Amino acid sequence: MFHIGRLSTVDLDEDITPEEDAVRSKPKEIPHNEKLLSLKYESLDYDNIENHLFLEEERRMGHMSFRCLEISRWVICGLIGVLTGLIACFIDIVVEKLAGVKYVVVKKSIDKNTEIGGMCISLILWAALNSAFVMVGAIIVAFFEPIAAGSGIPQIKCYLNGVKVPRVVRLKTLMVKVCGVICSVAGGLAVGKEGPMIHSGAVVAAGVSQGRSTSLKKDFKIFEYFRRDTEKRDFVSAGAAAGVSAAFGAPVGGVLFSLEEGASFWNQLLTWRIFFASMISTFTLNFVLSIYHKKTGELSSPGLINFGSFDLKYNIYEIPLFIVMGAIAYGCVNQMVSRRYVHRPCLQVMEAMLVAAVTATVSFAMIYFSNDCQPLETQKSSEDYSLQGFCADGEYSAMATAFFNTPERSVRSLFHSPAGTYKLETLGCFTLVYFFLACWTYGLTVSAGVFIPSLLIGAAWGRLFGIMLPYIALNPSVFTDPGKYALMGAAAQLGGIVRMTLSLTVILVEATGNVTYGLPIMLVLMTAKIVGDYFIEGLYDVHIKLQSVPFLHWDAPATSHSLTAREVMSSPVTCFNRVEKVGTIVDVLSNTSTNHNGFPVIIQTPGKLCGLILRSQLIVLLKHKVFVERARSRLRQRKLQLKDFRDAYPRFPPIQSIHVSQDERECMMDLTEFMNPTPYTVPQDTSLPRVFKLFRALGLRHLVVVDDDNRVIGLVTRKDLARYHLGKHGLEELHLAHT
């Protein structure tokens, strides 16, 4: 979809000097492995197509019309925040209800069978409940919408980068995502419900901003102006930020997340609108949950996870220890845990059920063999599901506090439980076991996030680190509270896996409510990223690469200044004349071997560039029979408008669904009014970093390469640029080709 085909222009090799001929003797395209980038991904059109129809509409609009459009953008952002907050409320309430029922049933069974013997019954009951929940979640994902698997953050990151990921922002995807994450968390998997909120918010934004549902075939006839990739991208950015805000109660962190991890294009007005959506999202969640908990007006639940209040102090001499913690949490298994080898839906469901059963079995065994018993007085009120196990009366199992709870409650327990609540062996065993369970769980065909498992693992080994310090320190009184080390460990683990710095710092500061921890959290995250990047990319980047997505990073490779546009472009190119035969257009669009999406328009005699037209535009023109002969004979009832293109967006019909008779194939089509007459072009000797910056900053889909006479010689696409970020298969392969 990104590779360009054949050039239908006049001969371009006339009157070439020997110097130019020497340049042309170089290979027009660097040899590379086509399998490195998947052909199923298309590029989004973030650059406005300023054809005659677009310019006429813009000129007809007055100052008041633009003011109304701006107000509409704010209204849409408000709706995005409200709906995202309501979805977060629904997920949180249903998970708490299902998890509560499951834990009560299992707890009664364990308490009963502890006295009479027969713990196998309790184990089977626990494993069966987990497997049942996970089976439902895996079935709806594997059989109904596979794109809903995982957290969805890599897919949204790709979408905002300019890649059209199939089915990623559809209503069906949202429904499967919400139901799937409820089943995954209630099923006891080592997952969280916070990550999928980002994907859910993005889907909400994509749907609300269009004023219709293509899945339900319902058009509300509103927000029609925003039915294009340029506007839709901004709203999806707001939806992702609203999802972060609802998950962590961090509206500023949500804005920064959208900036750092998602949106490729930014401006001041967009910042305000995204912040507005984030604030509305966390307020909606807070208000609805206060009503649900019968504390109307007491806004004490800003996000799905509440870290609690941190009033702990740290000593300046502890900062080097925090940095060391960041250095040892670089997520070295990112590559391993991202690879999956089960692809058949039935086997994927069975694998998820197996992991659920094994998780329950391992958790049960850890609780059964643990002898870490603590007095009930030391237990925090947030841990409702305590187990006595084989402890004496008036005591509970500390291992059960970690395993026999939702991950969010376990994280709060590790943060705020007083010193002495957990033994060293309890934390060590939990960290090791939960780490491998999380690695096995990530990548299953279920809707799940990696944020909370990472925080839980980091909090466990961070608290372990804090407990061990007094035994080796010269001044043990400084290291009296392991809770702050649990926080630093959680930050280090999450930062080492996802490699976020700015946004994650603000998210954790907002979630803890203590700005004094901003500096150590920032240092921990920076250290984790620097050390981690030395070994392997972050989890989301690894996931994107394994999916063979043509993702563009912020900058071109550092060693690419010796390359030019001519060496990276695709050529020869399929071009159309300004007035082209309909049969020719149909044949080109129907050619399944080359799914081209952009076609330069040329003046036939000199072969010079005069515009650029997209496949989607040509399909709409063919559908409405916009032929020169019909216009002359007045068979066409009305003039084609920009609304006709917006009505077909984003699911343009395939060329196979458009019937063109043999007589119509002989007609001519005038592309002048519909093509973009001012496409971006670069000379063939433009350096690769300059091409990359232009392509990336403007969100282009195609960049035309021309010679000194403005004749088309090639086309730079996303795929041409993306392959140079594929490590040894990219730039190093290029140098090998030239040597």
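Using N, Cα and C of the backbone, Cβ positions are placed for all residues, glycine too.
So that you can see what the record holds, here are the features copied from TrEMBL:
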type: DOMAIN; residues: 675-733; note: domain 'CBS'
type: TRANSMEM; residues: 71-95; note: transmembrane segment
type: TRANSMEM; residues: 116-144; note: transmembrane segment
type: TRANSMEM; residues: 174-192; note: transmembrane segment
type: TRANSMEM; residues: 235-258; note: transmembrane segment
type: TRANSMEM; residues: 270-293; note: transmembrane segment
type: TRANSMEM; residues: 314-337; note: transmembrane segment
type: TRANSMEM; residues: 349-369; note: transmembrane segment
type: TRANSMEM; residues: 424-444; note: transmembrane segment
type: TRANSMEM; residues: 450-473; note: transmembrane segment
type: TRANSMEM; residues: 485-509; note: transmembrane segment
type: TRANSMEM; residues: 515-536; note: transmembrane segment
Key: the transmembrane segment (116-144) vs the transmembrane segment (349-369): 3 or more CB pairs under 8 Å   = yes
Query = By Cβ distance under 8 Å, which residues at least 6 away from the ends of the transmembrane segment (424-444) in the same chain are close to it?
reply = 138, 149-150, 189-191, 333, 336-340, 348, 351-352, 355, 358-359, 362, 366, 370, 372, 398-399, 402-403, 450, 453-454, 456-457, 460-461, 463-464, 467-468
Ask   = How about the transmembrane segment (71-95) and the transmembrane segment (485-509): do they have 3 or more C-beta pairs under 8 A, pairs 6 or more apart in sequence?
value = no
Query = Roughly where does the domain 'CBS' (675-733) sit in mean pLDDT, to the nearest integer?
reply = 81
Remark   = Residues outside the transmembrane segment (450-473) whose C-beta sits under 8 Å from one of its C-beta atoms, at least 6 past its ends, are 151, 190-195, 247, 305, 321, 325, 329, 402, 407-408, 410-411, 414-415, 419, 422, 424, 427-428, 430-431, 434-435, 438, 441-442, 479-494, 497-498, 539
Long-range environment of the transmembrane segment (174-192) - Cβ separation under 8 angstroms, sequence gap at least 6 = 87, 90-91, 94-95, 98-99, 102, 126, 129-134, 136-138, 140-141, 144-145, 148-149, 152, 199-200, 203-204, 207, 305, 355-356, 359-360, 363, 406-408, 434, 437-438, 441-442, 444, 446-453, 455
Remark   = Sequence-distant contacts of the transmembrane segment (485-509), meaning Cβ under 8 Å and at least 6 residues beyond its ends, amount to 244, 248, 250, 252-254, 256-257, 259-261, 307, 310, 321-322, 325-326, 328-331, 334, 411, 414-415, 450-451, 454-463, 465-466, 469, 515, 517-518, 520-522, 524-529, 531-533, 537-541
Ask   = Counting only residues 6+ away from its ends, which parts of the chain sit with a Cβ under 8 Å from the transmembrane segment (349-369)?
value = 119, 122-123, 126-127, 129-131, 133-135, 137-139, 142, 187-190, 342, 387, 389-390, 397, 399-400, 403-404, 429-430, 433, 437, 440-441, 444-446
Ask   = Which residues of the same chain, at least 6 past either end of the transmembrane segment (235-258), have a Cβ under 8 Å from a Cβ in it?
value = 76-77, 80-81, 84-85, 87-88, 156, 159-160, 169, 193-195, 197-206, 208-209, 226, 270-271, 273-275, 277-282, 284-286, 301-306, 451, 500, 502-504, 506-511
Ask   = Where DSSP helix means H, G or I and strand means E or B, what are the helix, strand and coil counts for the domain 'CBS' (675-733)?
value = 25 helix, 17 strand, 17 coil
Note = For the transmembrane segment (270-293), the distant same-chain contacts (Cβ-Cβ under 8 Å, at least six residues beyond its ends) come to 73-74, 77-78, 80-82, 84-86, 88-89, 92-93, 201, 205, 234, 237-239, 241-246, 249-252, 254-255, 258-259, 263, 299-304
